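Reading through the structure tokens given below for one structure.
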Amino acid sequence: MKNRSVGALATTAALALLLTSCAQSQRETDDAGDNGDGATGTQSAGGGAEASDATFVFGAAGAPTTFDPFYASDGETFRVTRQIFQNLIGIQPGGTEAVPELATEWTSEDGLVWDFTIQEGVKFHDGTDLNAEAVCANFERWADQNEAGQSPSGAYYFGNDFGFGEDSLYKSCEATDEFTAQVTVSRVTGKFPMVLSQASYAIQSPTAMDQYKANDIKLEGEAFVFPEYATSHPTGTGPFTFESYDNAGGTVTLARNEDFWGDKAGVASLVFKIIPDEAARRQELEAGTIQGYDLPNPVDWQALKDAGNQVLIRDPFNILYLALNPVADPQLEDPLVRQALYHALNRDQFVTSQLPEGAEVATQFMPSTVTGWDDSIAAYEYDTEKAKQLLEQAGKSDLTIELWYPSEVSRPYMPDPQRVYDQVKSDWEAAGITVETVTKPWAGGYIDDTQASRAPAFFLGWTGDLNSADNFLCAFFCGDDNQFGTSAYDWHGELQDAIRAADAEADEAKREALYKELNTNIMSPEWLPGLPISHSPPALVVAANVQGMQPSPLTAEDFSTVTITE
Amino acid sequence: MTNPGPAPDLTPGVPTPSTTGATTDPTPDARRHGALGALADRKKKRIDALAEAGTISSEEGVSLWQSAWRRLRRDPVFLIGAVIVLLFVLVAILAPWLAPHDPRARDLIGQVTPATPIPEPQPGYPLGGDNAGRDMLSRLIVGSRQTLIVGVLATLGGLAGGLVLGTLAGGISGWVDTIVMRIVDVMLSIPSLLMAFSIAALFARPSQWTVILAIAIIQIPIFARLLRGSMMAQRHSDHVLAARALGVRRPAIVFRHMLPNSLGPVIVQGTLVLAVSIIDAAALSFLGLGNPDDSIPEWGQMLGKAQTFFNTYPHIAVYPALCIIVVALGFTLMGESLREALDPKSRR
Amino acid sequence: MLRFIVRRLLQALIALFVLSVLLFAWLRSLPGGVVSALLGERGTPESAAKLRAQLGLDDPIPVQYWRFLERAVQGDFGVSNGVYRGQPALDVFTQRFPATIELSFFAILIALTFAIPLGYFAARRRGGVLDTGSVVFSLVGVAVPVFFLAYVLKYLFAVRWGLLPPSGRQTVGINATHITNFYVLDALMTREWDAAWDALKHLVLPALALSSIPFAVVFRITRAAVIDVMDEDYVRTARAKGLTARTIRGRHIMRNALIPVVTIVGLQIGALLAGAVLTEKVFAFQGIGQALAIGFELRDYPVLQVLIMMAALIYIVVNLLVDIAYAVIDPRVRL
């Protein structure tokens, strides 16, 4: 039955998409009350959307950790909280640039003192007014965390971006007038205030946080227990309000915020259904019991499209790399060996055979959308002969190397780790290198060992949190015990200084230049601490009758623009 | 059917009532050992009946094996099973010569793209490739060898463990017997597949060996009980009494006289266990507890890893699944008909 | 009798204690663990060390165990670290166990409904087409991996023909009250007929796949038992007395033949639970099996401990009940 109407649906969807984009601007004024049953797809897409009492069911891969994004660091949580909350700084739909959200503008003279002008007329879901006081209450709350809250498993982002205690980047927040919050930071950094666009820094209702003890995160035995606020009373300003979370049935239900200050949500009810099994998510979509899901397997994209669904591909904002660690294997201290290992790789073949359309070969340790990416860096070309020559030159023609890959894991940048390993192994073997394989479960030793410099060559990756070169480079190379073991190289100090200097540069243009230089250095034959492999675009899929879903490279999709036609 | 033998109430392939616990009484053992014993009652009775069966046949000597063989070779069920098993073993042994391509070589990688992850059948590659561009047919053929290895090693491992425990219990008896059998009974009473999951999950690094070990461990109690039962039955038999009277030392009696005579039931149980091992290995792979490295193919792993493609390319799962089903069926048919042929009840 | 029960309970307590020690020590001596599961690629050596210290994972295992025990005797079995983060680990069990029981129950029901009549008729016409056919069928059934069968069923009935829901326990958005977490029971109790129907529809495919395990066994036992019973003197006597075929079938053959079947069904529960782990994965059914799988993936040790310990406890209790039942039924068994 479904199959017969595929063609019609696809046409309708295409038309509807066109119309929605045109109709977008009129949505505020257009208040067509009757979302008639008889209305055809194209009509209701433009008009009746706002008053629609439709339910949008979206398949999620895992359960959210908590509903207080401040204590979360995982996409499953943020997907939900992004709908309930808003930040001072938003992200341009479908992009990575900063746009005004709860703050209409932000300015600073010196990069230390920042004035945020707060949007007027905004109310939290519990009726509390949003003003500078409320914003500062959030900043104060972030900085004032107990021991459990300061844990890497508590407020991970704040701990990472700002840090707690004396050395914290955050200094103070003051409401200079009702709608101006003045935030002072302790040093100049390129990532502030852009960090505030991350889901973790959602502005939450101070009243609700007080009432339900939002800061009361506790350590109990071997785990964290979240306060009542985080489990059942998250209160934000977003287009949806929290309704319920059914643990046993695996569903999170949100309702349209009828008093939302911006464009009201296109569906009355938004349900996230947790379906851990990938194949099961797809079948639910085919059966029509869900209208979309995240991270469809690239293998299924074509079939999903053929069935009339829309596969929405996000711009890749991640990187998969092969790290080489000279602390684990001193042979790697020789740059010739590292170059040889890189030239031996046929990354083009890997990208075309294993990664979805839209994937790219990486030339440096960040995707091209990040400011600081240097387009003048050429990819190390695939040349087995050259690799052999380099090895001979290094006196390592009979090189034996341990290659690690993780099991029990699938990451957006690495859908199937074994297939990457296959490629690298066969390429290296073609260059006369003997490859010894080590595989460990992701959470069963792989992460521990690779971070403790016990693995000579291994695969790992990163999904960016925001458009910040530091977010990528520092995650890889900061510190004396980083996973690349750069402390074994004589340029280690230079690298550390360069990362710090670039981040502390207040002028944007100069900062970008510094990052470009840094990228060039890192990829130079002398440095080359590891081998960037690819950027892989994660996708999401929605049914043919779903309009208005805008894929975001940061996986920060806004579900309020979604409408459903019958 | 065409069988003129004195087995009136037997249809090919069906276990006799006595071996499947058709009676309600708990065995004396179950009464003594209480609950854990009671629940494992059925398993135990099956095993005990088998132990008994083999022993009697050995007492009556060659003639019984001969009569069993006479019955077996006319039994279509046994023949079908035996042919399947024989073919399987032959393919496994000759795999490197039969396989048209190297099962690890990514010959068709050029055709693999995310939109078409599975290369289609083509000249030289009659079954197409898998998602790493490797020849499906070669992988199935070479996979038979790995599957056989997993099955045989798991069975042998179980047998070895069972041999130690069973010989300890049956050969020495007394308090050793009590303790060993207590442990065995507890192990028997835990659902075997659940135990295999737990064991496999508890290994730090899953590999082919952890799969084999996990499956071997769950077979230990079965073999232990089998061997013990068979030895207990022989303890008072004439040849053992004679050996003892002649002053043969105890270990010698156990190893030279009692053990060889227990071989019959062990072979029967072994064939049945092999089938189960192959299926269980697939289940472990399916749960992600199998060997993560798929460069050397194994059917269970191929099936376990094929779940991603089930909707779009069901054949990727169906080929290894069919292989497993056919081979498991072959071993089961063979084992069940062997069991019958050796069962004294069926000869009354 | 009372002395026996007390003694057995004591034994059970000791067994549980030993199991908990072994389980605890084993899980914690594994490489990796919850810290790498929580932090993933975001962790650094420092943050991982900090978190490990906070969670008390740096302490010697006996110290950790003592802490666990102190809480456990107060009824606190720890907090989940992954499956239901931040919630009592016991909740995972109480919320999900009913699902697995429900699934197993329906699987047994399906198996009995088909296997007993089939076994009876096969036995009555030994060697006939039906007999040979169903015997072969049961053997093939044993040889087919449960999860493969589950996939095939799902592919055909849910994906291809769209007759039944492909996964989960309940359609999203259906108005259902949850009291016991046995969805069908809940819906019947609250008279939400559509919810009951919905929950039932979700059960059909997984239960059907799972029923392949008890089906083969029940079929073989029934068949063997009927064959046995038909040869018994009392059946022959009954026949000689001229009783109707129906009376003989109902009162003499089936009644006696069913005794071993009942015993077997009890024994199959363990195997069913193992099979449930596999079927639940295929159908994304929110039961114990799925929780175990996620628990392992996320190294959620508190949850794993609770699930495994509860399984052991239930197992011991069932055994005890079976023993007592035996003693009551069969005077020859003295406890």
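For all residues, glycine too, the Cβ spot is worked out from N, Cα and C.
Keep in mind that TrEMBL annotations are predicted by a computer and have not been checked by a curator.
What TrEMBL records for B:1-33 is region 'Disordered'.
Look at TrEMBL and you will find B:11-27 tagged as compositional bias 'Low complexity'.
Panel annotation: around the transmembrane segment (B:77-99), residues 12-13, 135, 137-138, 141-142, 144-145, 147-148, 271, 326-327, 329-338, 341 of the same chain, lying at least six beyond its termini, place a Cβ under 8 Å from a Cβ of the stretch. Residues or ranges marked as transmembrane segment in TrEMBL: B:77-99 (among others).
If you look up TrEMBL, you'll see B:144-335 marked as domain 'ABC transmembrane type-1'.
What TrEMBL records for B:148-171 (among others) is transmembrane segment. Residues 88-89, 92, 177, 180-181, 183-184, 208, 211-213, 215-232, 235, 250-251, 254, 258-259, 266, 270, 273-275, 277-278, 281, 298, 300 of the same chain sit 6 or more residues outside the transmembrane segment (B:148-171) yet have a Cβ under 8 Å from a Cβ within it.
What TrEMBL lists as transmembrane segment is B:183-203 (among others).
Tertiary proximity for the transmembrane segment (B:209-227) is limited to same-chain residues at least six positions away from its ends with a CB under 8 Å from its CB atoms, namely 43-44, 47-48, 50-51, 150, 153-167, 169-170, 180-181, 183-185, 187-188, 192-193, 195-197, 199-200, 203, 259, 262, 265-266, 269, 273, 276-277, 280-281, 284-285, 289-291, 300. If you look up TrEMBL, you'll see B:209-227 (among others) marked as transmembrane segment.
Long-range neighbours of the transmembrane segment (B:266-289) within the same chain, counting only residues 6 or more positions beyond its ends whose Cβ lies under 8 Å from a Cβ of the stretch, are 47, 50, 54, 85, 147, 150-152, 154-155, 158-159, 192-193, 196-197, 200-201, 206, 210-211, 214-215, 218-219, 222-223, 226-227, 298-301, 303-305, 307, 324, 327-332, 334-336, 338-339, 342. The transmembrane segment annotation in TrEMBL covers B:266-289 (among others).
Annotation comment: TrEMBL describes B:316-338 (among others) as transmembrane segment. Within the chain carrying the transmembrane segment (B:316-338), a Cβ under 8 angstroms from the stretch's Cβ atoms is held by residues 12-15, 68, 72, 75, 77-78, 80-85, 88, 118, 127, 130-131, 136, 140, 143-144, 147, 267-272, 274-276, 278-279, 282, 299-300, 302-303, 306-307, 309-310, all 6 or more beyond its ends.
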